[in-house]
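K.L.:
My questions will all concern the structure given below.
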Amino acid sequence: MTTQTFDYIIIGAGSAGNVLAARLTEDADVSVLLLEAGGPDYRLDFRTQMPAALAYPLQGRRYNWAYLTEPEPHMNNRRMECGRGKGLGGSSLINGMCYIRGNAMDLEGWSKLKGLENWTYADCLPYYKKAETRDIGGNDYHGDHGPVSVATPKDNNNVLFHAMVEAGVQAGYPRTDDLNGYQQEGFGPMDRTVTKNGRRSSTARGYLDMAKERPNLTIITHAMTNKILFNGKQAIGVEYIQGADKRDLKKVMANKEVLLCAGAIASPQILQRSGVGESTFLKSMDIDVVHDLPGVGENLQDHLEMYLQYKCKQPVSLYPALKWYNQPAIGAEWLFLGKGIGASNQFEAGGFIRSSDEFEWPNIQYHFLPVAINYNGSNAVKEHGFQAHVGSMRSPSRGHIKLKSKDPFEHPSILFNYMSTEQDWQEFRAAIRITREIMHQPALDPYRGEEISPGKQLSTDTQLDDFVRNHAETAYHPSCSCKMGEDDMAVVDHQGRVHGLQGLRVVDASIMPLIITGNLNATTIMMAEKIADQIRERAPLPRSDAPFYVASA
């Protein structure tokens, strides 16, 4: 049987891979193969398509890799969840659909690193806009012709959203009408990646739907990448397994480039399995070294968060929606009308604040939710309630990803090393105390009952630290494990090209040099849009001159 050859092979049909597949195949003379280890994004499966059902995919294995960390030493040795998307759409198929770009100062910080001078906010904003269609139209900060549908909260949504934003303002923090606009600090409405018909706007729906009928795009699902193939230092193809038979290895060849888009956990794992990584470690795993690159799998970062939960004195929360006998009507309204509770992720308000003046831009994020429940759908409080998700944004803690074996089906060793610095503890103590202050503002007086969690009896540093150690959870934002840059631990350059190799790029959240202030999906899509132009050797989009807010010191 002849080996198939394509111009480009993309590994991973996720938030970045689907962008590349769609953009590269706009050139009709270019052939692209898209390999995805998971299955299709079944459009009739409410678990991934209904925004309010976002907890369901995290409870199963069909759409979730369901990684676990090693025992985290500063978190009572808990093995913590690290859910990642599996299937067309990747993590955009199972995420919380919060459309948050981070802060302009994140990108300004990246651009100060050697070699990353073209990653300023002015360089990147045009690519955020290119990807977006916002339901209320475009402006200097937002797009109106992009593949990703973005929905804005409406004034008649749950009263608790408005009360929580108002409470934040009463506590002395700014108000903003657009967390992705001029002022990315303060409390306000939070946009979401949802279509006008109330469906999840994953990159499979947004990008693959416009590209999958093109004759120059081939998509193979249930294709687990074993390794990238090299001729010397040149990436020339990919070896993958389709189905469960590990002996059934298939090879495909790339004329131009292999584009690794498997995410912050799997991309370094695939590189290591392919012989790219720290050479001593690779030899210890009996892997032939193709290229010694010590930064592969290092610099791993994430956001940690916790829930502060309160009883609600008025019957205005979403608690009734958790009752089985109310769910058929909610489901029908969503299915047939694309409206109602089912059409929202229910993260319609939130914000970013600075816990102290030492921070130049916000270091704490809030998501407000008008029901008291864990993100993965567990431990729902059996009465009316509401909660704030709160966590620090730029932890100094660093972790790593390491292979456990050469078996592509074995999950790697993951250690985030959460809460390993004194700054982490200071920020989380401050976050709890600030949240309590916000929750006790007059705007919430009509609604706020007693504090369910952590519970008002916990107030000392030691008590709060114990609560964080035992109850903080991932915000599902792993990143930075194949970082961009030019220092000794950088894995790729400013265009995602792997240092020391030819014909190989990494394009996903793993190449962020530093984690951003907020949810990762919008920025991952932006990065893929930007690098797609570089792969196609197109001129970059004109830089934006839109201003952005920076708090005065």
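Keep in mind that glycine also has a Cβ here, set from the backbone N, Cα and C atoms.
Pulled from Swiss-Prot, these are the listed features:
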- HIS477: active site, proton acceptor (ACT_SITE)
- 7-36: FAD binding site (BINDING)
K.L.:
Pick out which of the binding-site residues ILE11, VAL19, LEU35 has the most other Cβ atoms within 10 Å of its own Cβ.
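P.N.:
Answer returned by the neighbour count: VAL19.
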K.L.:
Report the nearest neighbour of the residue listed as 'active site, proton acceptor' in space among the binding-site residues ASP7, VAL19, SER31, LEU35, comparing Cα positions.
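P.N.:
Going through ASP7, VAL19, SER31, LEU35 one by one, the closest to the residue listed as 'active site, proton acceptor' is VAL19.
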K.L.:
Can you check which residues sit near ARG23 (FAD binding site), meaning Cβ under 8 Å from its Cβ, same chain, 6 or more apart in sequence, and list them in order?
P.N.:
ALA528, GLU529, ALA532, ASP533, ARG536
K.L.:
Quick check on the binding-site residues: of ASP7, ASP27, whose CB has the lowest count of neighbouring CB atoms inside 10 Å?
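P.N.:
Counting other Cβ atoms within 10 Å of each of the binding-site residues ASP7, ASP27, the minimum falls on ASP27.
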K.L.:
Cβ-Cβ under 8 Å from SER15 (FAD binding site), same chain, 6 or more residues apart: which ones?
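P.N.:
Correct list: GLY89, GLY90, SER91, SER92, THR203, ASP508, ALA509, ASN521, THR524, ILE525, ALA528.
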K.L.:
Is the residue listed as 'active site, proton acceptor' helix, strand or coil when read with DSSP?
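P.N.:
Once the DSSP labels are grouped into three classes, the residue listed as 'active site, proton acceptor' ends up as coil.
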K.L.:
Hey, which of the recorded positions SER31, HIS477 is the loneliest by Cβ count within 10 Å?
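P.N.:
So among SER31, HIS477, the recorded positions given, the one with the fewest Cβ atoms within 10 Å is SER31.
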K.L.:
Give the helix, strand or coil assignment DSSP yields for SER31 (FAD binding site).
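P.N.:
Once the DSSP labels are grouped into three classes, SER31 (FAD binding site) ends up as coil.
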